[in-house]
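Q: Okay, so Swiss-Prot annotates it like this:
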type	residues	note
DISULFID	109-136	disulfide bond
DISULFID	122-148	disulfide bond
CARBOHYD	41	N-linked glycosylation site
CARBOHYD	205	N-linked glycosylation site
CARBOHYD	239	N-linked glycosylation site
CARBOHYD	258	N-linked glycosylation site
CARBOHYD	269	N-linked glycosylation site
SIGNAL	1-33	signal peptide
């Protein structure tokens, strides 16, 4: 019994040496890990991912998930006059295209068809396989002319134009896109013992009920001097009725504007063009700038719709003279369109500063 006990017990000196060796191996492995040589079919280098995850967080490319994140959550202005100022033409820069696996709903998308003064196209056709962004609440369809001083239209802030699971640095003609960036999320490796138990298969009822999806609404515009310093944007109600847009506004404002013009018979009644102008005291930011982020709180969120009839102040005109009409000072009623939760949860990302200290790589959030 005693001798058996002695066989299981290491001498104190040998125990110290053995435990010291084990700790050295553990620390050596963590501090000087081999570069991750697992990235093959990717433009990222192994060393870049190695630095990104601080050496010990990524064990397989299956843990990397590329997602497209929209810029709307940053609070940028999404109306057409403001958005087009973020885009510009350049020559001699090759376009870049990268794929992403998942995205999120977009409140505002854009679709451009711009021609030069000589009738030639400003924007290239999309390459094979590039389709429009599939999840848009509002599609702002812009047709017009401009100088287009360059071969391709890029984002001035370096963002991507997100299409259907493809992100490009340039705008393609007649193809719906939204502004965004592509990020790589690192998913933790699942423990193997999670899969030991037989998974329970629950019956799933799938449906193609369209009410569970967003209704996409297309808003049309005419723009002149696209790409120039001073551009002019008109909201198109019908082929002969337009509204001059001279300041930022929400898409909900334009929807109500369109409904009010039609309901109150304010459309052009001849073949001439009728252009309305907004009263300076009208607030064009009714509703929400983006469906997850309310920009402004209004005291009368659910105003009676009967007051909309007073929204316009008719101006006597003759059929021969097409004069601009000015909207009155009444506010539009604020209504909120039905929204659904985003199908991909927005995940806040943070930059980390990594450094090598005492043989170990340490990462801290950037301030």
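Just so you know, glycine gets a Cβ as well, placed from its N, Cα and C.
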Q: Out of 109, 258, 269, the recorded positions in the record, which is closest to residue 122 (disulfide bond) when you go by Cα distance?
A: 109
Q: Find, among the glycosylation sites listed as 239, 258, 269, the one whose Cβ has the highest number of other Cβ atoms within 10 Å in the structure shown.
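A: It comes out as 258.
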Q: Of 109, 148, 239, which recorded positions are close to residue 258 (N-linked glycosylation site), meaning a Cα within 10 Å of its Cα?
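A: Final answer: none.
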Q: Which residues of the same chain, at least 6 positions away in sequence, have a Cβ lying under 8 Å from the Cβ of residue 109 (disulfide bond)?
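A: Within the chain, residue 109 (disulfide bond) has Cβ neighbours under 8 Å at 132, 133, 136, 138, 139, 140, 176, 177, 178.
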Q: Which secondary structure state does DSSP assign to residue 239 (N-linked glycosylation site), in the simple three-class scheme?
A: coil
Q: Give the distance between the Cα atoms of residue 148 (disulfide bond) and residue 239 (N-linked glycosylation site), rounded to the nearest whole Å.
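A: About 25 Å separate the Cα atoms of these two residues.
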